[in-house]
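Data first, discussion second: the structure below is written as structure tokens.
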Amino acid sequence: MHKNLNLKSVSHFMTQCFQQCHNYYNMSGKFGLGNYSSRKHISISVPSSTEVMSPHIKSVEELRVLGINLNRFNTPTQFFICVAGVFLFYLIYGYLQELIFSLEGFKPFGWYLTLVQFGLYSLFGLVELQLTQDKRRRIPCKTYMIIAFLTVGTMGLSNTSLGYLNYPTQVIFKCCKLIPVMIGGVFIQGKRYNVADVSAALCMSLGLIWFTLADSKIAPNFNVTGVILISLALCADAAIGNVQEKAMKIHNGTNSEMVLYSYSIGFVYILLGLLSFGGLGPAVSFCSQHPVTTYGYAFLFSLTGYFGISFVLALIKLFGALVAVTVTTGRKAMTIVLSFLFFSKPFTFQYVWGGLLVVFGIFLNVYSKNRDKMKLPSLAELRKRVLSGRKVRLLSQDV
């Protein structure tokens, strides 16, 4: 279906199809609008102005991020805008996050920071949703409850782990989610990845693990509790991208809707947890003594994070979870570099070698995604060419 067809024309076309099939089969009593009673029956959904369009029909709505209509641009420009937004806002996000946890005495209150962050995200999402024409909730509440649980896990456990790990080590662990995302894509969505995608994930993960080994030798700040927390956050982070991608594709949900419902439900989860374990009172007391460096930075931290997640969701919807994770992993590598520039830390060239592995992994992923469009050879074809070239050289030497 062409993109510029409006909803009225689609509904009119589907209605005509329904009437023709109805007259041909003369089974008006057995036709259902959206329900399938038997595999032999034919069901045609005709969306009205209050119903959700079928996921098999391309959305006629505009995909907007912070007021930017991405549908007006071609695919490379869409990718560039999303990547630029992710890097810009999340680099500021990472700087503010490390700055907040550098405040003496704040490290035990990672869950409270997550609560404030989720509350502000919900507020931002509500404001953005009110500015849109379509305010319908398309994704089921059960799905949002699962997404909210995974979001609480990845962000809450990640923030809390900073009380036990230094910032570069925490970021390195988070970057290793490429492989779990691919595994999740296989089991959740039934995806299959080629050799280039697997090689990219391995190179990026190994390169960023190299950062961890170098950091542990030069500035050891290792705690088993922090490793457990960030590992659990990694598992949740690996699953959330695939769940979000599947939900947004099936139900054609919007970014603002996804942010509003997932973070508002997550806010309730965290609030109940803090009230149950008695962690709310001490956190409020501490932050009230340092309002600017806690609530002030937390507001900017949440604002840049909200803008960043909007671009990440656009990446997921346009290019898939693996591409989004690859971009965010590259952003995390840049965050580590800026962390060494703005916060005093020792340096070693092992960071450089690890960074080169990450860059090579990004190259492999970009190569894999553009191979069919640019008619580039696959890795297996390149390997055959190299081997055949060696064979020709050996034969020429024998002659």
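Just so it is clear, glycine is given a Cβ too, placed from its N, Cα and C backbone atoms.
Just so you know, TrEMBL annotations are computer predictions that nobody has curated.
For 79-97 (among others), the entry in TrEMBL reads transmembrane segment. Residues of the same chain lying 6 or more positions beyond the ends of the transmembrane segment (79-97) and with a Cβ under 8 Å from any Cβ of it are 65-66, 68, 70, 73, 159, 162, 167, 171, 297, 300-301, 304-305, 307-308, 310-312, 314-315, 318-319, 327-328, 331-332, 334-335, 338-339, 342.
The list of residues near the transmembrane segment (109-131) in space but at least 6 beyond its ends in sequence, with Cβ under 8 angstroms from a Cβ of it, reads 100-101, 152, 155-156, 159-163, 254, 256-257, 259-261, 263-264, 266-267, 270-271, 273-274, 279-280, 282-284, 286-287, 295, 298-299, 301-303, 305-306, 309. Residues or ranges marked as transmembrane segment in TrEMBL: 109-131 (among others).
The transmembrane segment annotation in TrEMBL covers 143-165 (among others).
If you look up TrEMBL, you'll see 171-188 (among others) marked as transmembrane segment.
Marked as transmembrane segment by TrEMBL: 195-213 (among others).
Taken from TrEMBL, the feature transmembrane segment covers 219-240 (among others). Non-local neighbours of the transmembrane segment (219-240) in the same chain are 147, 150-151, 153-158, 160-161, 163-166, 169-170, 173-174, 176-177, 180-181, 183-184, 188, 345-346; each lies 6+ residues outside the stretch with a CB under 8 Å from one of its CB atoms.
According to TrEMBL, the feature transmembrane segment maps to 260-283 (among others). The list of residues near the transmembrane segment (260-283) in space but at least 6 beyond its ends in sequence, with Cβ under 8 angstroms from a Cβ of it, reads 108-109, 111-112, 114-115, 118-119, 121-122, 125-126, 128-129, 137, 139, 141, 144-145, 147-149, 151-152, 156.
Nonlocal intrachain contacts for the transmembrane segment (295-315), taken as residues 6+ away from its ends with a CB within less than 8 angstroms of a stretch CB, comprise 63, 65-66, 70, 79, 81-83, 85-86, 89-90, 92-93, 96-97, 99-100, 113, 116-117, 120-121, 124-125, 244, 248, 255-256, 258-259, 287, 323-324, 327-328. The annotation transmembrane segment is assigned in TrEMBL to 295-315 (among others).
Annotation comment: TrEMBL describes 322-343 (among others) as transmembrane segment.
Marked as transmembrane segment by TrEMBL: 349-367 (among others). For the transmembrane segment (349-367), the residues of the chain that approach it from at least six positions outside its boundaries are 175, 178, 196-197, 199-211, 213-214, 322-323, 326, 329-330, 333, 336-337, 340, 376, judged by C-beta separation under 8 angstroms.
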Long-range Cβ neighbours of the transmembrane segment (322-343) (under 8 Å; 6 or more residues past either end):
82-83, 86-87, 90-91, 94-95, 98, 102, 167-168, 171-172, 174-175, 177-178, 181-182, 185, 193, 197, 200, 204, 208, 211, 241, 312, 315-316, 351, 355, 358, 361-362, 365, 369
Same-chain residue ranges lying at least 6 outside the transmembrane segment (143-165) that approach it to Cβ under 8 Å:
97-98, 101, 107-108, 110-111, 113-114, 117-118, 173-174, 221-223, 225-227, 229-230, 232-237, 239-240, 243-244, 247, 251, 258, 261-266, 269-270
